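Residues or ranges marked as domain 'Phosphagen kinase C-terminal' in TrEMBL: 14-243. Taken from TrEMBL, the feature ATP binding site applies to 17-21, HIS80, 165-169, 196-201.
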Amino acid sequence: MRNWIHNLANNEDIVLSTKIQLARNLKLVPFPNKLDYMKARENAELIYEVLNDTIYSEDMTLYKLWENDKKDYEDCIEKHLINKNLLDNSEKGAFIVNKNETISIMINEGEHIKIQCITAGLNLEEAFNSANIIDDNIESKLEYAFNENLGYLMESPKNIGTGLEASIDIHLPALTMNNEIDKISKTFDRLGMSIKSIYNYDSEKYGNIYRISNKSSLGIKEHEIIGTLKGVVLNVISEEKRAKEVLLSKNKYEVENKVYRAYAILQSAVLLDEKEAIELLSDIRLGVELNLLNIENGKINQLLVMIKNSSIENYIGRPLNIREINYERANLVKRILI
């Protein structure tokens, strides 16, 4: 699998990443919220040993959240390797990552095990096959909590059944400008899918990047979930392409102005706040998709991971006030993008 951050996709590829997540719990072991922290930590070591014994092709590293400050791992949220729930459960939480950062297994996040395979572009089958191999390897050594009628048993009702959550992150600037996202959301709802903005501030959505995923896995087979998701994503890609064509035909100068103005600001800004930087990077990505700018998508992805306030502090290596963060962010963007 290809790391999504450093992906050298073609300009028209608006799908940033695909993620497959398989949730599992161990038989006769209390769910993580009922588990004392010593037993939870033992589980992390046990699962790591199983993976080392069964997956010889991957160089895996175990990170124990209780051993370091939470801030040390906030970058991993932006890389999609872990989520905030795991970070909030740092007394029990751990995760295992391969060298290429395309595999991440969260431990004691909400369920005992969440196997995650993350790859660039729209590659649901590849990511699912990789996750399935890891799942089989773990199950060859450890027994899962499973019910013949319900499927895999979970603490969260959403995950009961196959325990599969499939998602893709996609850039939809034209459909956003045309106010089409709410209409798409209602259609998805009927299909058991959801579309949500990645970036939100005080209920305001920004950045034009959305996550499309299945809402439930109970009573639905894995291949059905993946097939439905792939179908709706391909349809959205077609709609976004048509919306871009209309946008260019009717508002060519305005679109070019938006793209080149964003590039000029990022090229010369001395201070950049987080929200503005993400919005401007979306405009830059739009310019790349329309062949107005010649910039690698990998550079834009890299910046999305690095420009959060906490990530800037980690990058610099010391606490910063907001003015210093905005200054360092502007420098970082210029260093990577320009």
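Just so it is clear, glycine is given a Cβ too, placed from its N, Cα and C backbone atoms.
Annotated features taken from TrEMBL, shown on the structure.
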| residue | record | DSSP class |
| --- | --- | --- |
| SER17 | ATP binding site | strand |
| GLU165 | ATP binding site | strand |
| SER197 | ATP binding site | strand |
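In this view, the densest Cβ surroundings among the binding-site residues SER17, SER197, ASN200 belong to SER17, judged by other Cβ atoms lying within 10 Å. Of all the binding-site residues listed here (ILE20, GLU165, ILE168), it is GLU165 whose C-beta has the fewest other C-beta atoms within 10 angstroms.
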